[in-house]
Amino acid sequence: MSKIPVQALAGHNGIVSTPQYEGRSLISPGDKRFSFGALIATGVAICLLLTACGEAPEPEVSGASELRVRLLTSEQYSNSIAHIFGSDISESVTPPLPPLPRKDGLLASGAAFVGLTSDQVSQIQQAAATIAAQVVDRNHRTYLVPCEPASAVKADDNCATEFIQDTGRMLFRRPLESRRLADLVAVANGAAEKTGSFYEGLALALETLLISPEFLFVMDRAEPDPDRPGALRLDAYALASRLSFFLWNATPDSALLDAAARGELHSEAGRAAAVNRLLNSPRLETGMRAFFDDMLAFDDFDSLAKDPIVYPKVTARALADAREQTLRTIIDHLLREDADYRDLFTTRKTHMSMSLAALYGIPTPQGWSPYEFDEDSHRSGLLTHVSFLAANSHAVRSSPTLRGKAMRELLLCQHVPDPPPNVDFSKLEDAGNVSTARERLKVHNTNPSCAGCHLITDPMGLALENFDGAGGYRETENGAALDISGELDGVFFDDIEGLGTAMRNHPKLSACLVNRLYAYGTGGPVSLRYDRDILKRFEERFVSNGHRVPALLKDLSMSQEFSAIRLPRLAKEKPEETNSALAERLIAGRQDFTTRRDQEEANR
């Protein structure tokens, strides 16, 4: 099945070509006036607003993000429809966009690397038709269509123009060009004359807007930066989109587009006013929930299941509530309390629901309510939440390796390689199922091809073995007492609280959050060539501000680097040395690791 790659939409000269979709109608059978390829070719030039449209300068600016075209996520699609037309219309359609690949730890970064199949294009059209029909029906048009036609059975140029101009501005996140506006009004008028209904004509024009790449893709449109000769920056409307999708995970509202139109977003005072408004809006919670849901790979919950015989209390509702519990905890801690990010890994404060209470073995609350674990509960921090423990386990038992891998990759931004293809896992199985995970995993230390990675993951993952594969607390496994001592990059600990403290104080924890937020805000993976120094400066300011996330969000949003743009390079950058160096160091130091561990145990 053919696909339209996102990269095909972008070119240095703004040329877009998708010949495989020429002639494939997205409007209705028999109406070939608007094909998807034609819409892209006429409406989606990347619009590098460069002098004389010639060769663009390529600035050597630290922190300038690469110009990208990225597909809306399903949540961004739904949020945008809800903000423009209302939640009832948004909830009436399933977002028609494909799942995204995870790129450098984020699905949001993968949005620039995904294509559309012909089936997905058809689903986009069907959703557009459903939305458009509802917007103009009798229940909605009185407040969604800002004018009344002179006649409901004839074309009305003035009313069609007003609706398309206003709605197109919100959907495209910038004013419609005059020629595009005229074409869409002609579509509405022509359909109105053919059908004898002004509103059916309006619906067809709206459907055309909703299937347009300008709506479906977030485009980094660049212009010369007057303050830095030879450099590029996002134009005002592209900057408005970047700010809004970063902080709200939705399209810019009218006030932000108005600020862009007035040129305020490129002044320090104007951008500060806009950013402060976005940060003080209730929509910030929606935006930050989306970010942490992505960062923690909670999309895994969409397919997560546990063996009902082994874990009868684990229901689909309980797993959904586990995901929600962690997100509520994060939002309360970071936004409502404006507390230290690192303390998420030691706090006992959380929220509890009826289905979760059964898993945690605590009194059942009514609905969602704040909850604080007792000191003797063995629960403190996100690592002891059911969400983390269950998502990073097998269907029938826990997995120290998966949990350690998740801590490394999701929280410390360190890459853990996949197992070698020639590993014989049958040798690692415990047929009698009578040993603990620590005993089962010892076999990895005798296999050099396995030991490197397992020395990175297992010493920290084993500290969570008091929790089974569903996150329930236990003292033993198969009748054997559990040793939950462990080590994280030279820091030894005896129990779960020690692991939380070691994670809280890990030097890579804050750096990883800065890295992920910057990539999330700029729409793609960070570049080691351009971003290393600026990320370090953001991290230093994050630390000096007490690890407060709202301050970090403002710092990122207000920075020059947030709006700076560079053109894509044709040659790939040399990849950074990944965690293989750490693996090699640990392999070489296996004996030293064992010796230090034995000494620690002897001193206890």
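Including glycine, each Cβ sits where the backbone N, Cα and C put it.
Database features, via TrEMBL:
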type: DOMAIN; residues: 70-136; note: domain 'DUF1587'
type: DOMAIN; residues: 159-219; note: domain 'DUF1595'
type: DOMAIN; residues: 234-362; note: domain 'DUF1592'
type: DOMAIN; residues: 379-477; note: domain 'DUF1588'
type: DOMAIN; residues: 489-562; note: domain 'DUF1585'
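Counting residues of the domain 'DUF1585' (489-562) by DSSP class, helix then strand then coil, yields 55 helix, 4 strand, 15 coil. Each residue of the domain 'DUF1587' (70-136) gets a DSSP state, and the totals for helix, strand and coil are 41 helix, 7 strand, 19 coil. Mean per-residue pLDDT, taken over the domain 'DUF1587' (70-136), amounts to 95.
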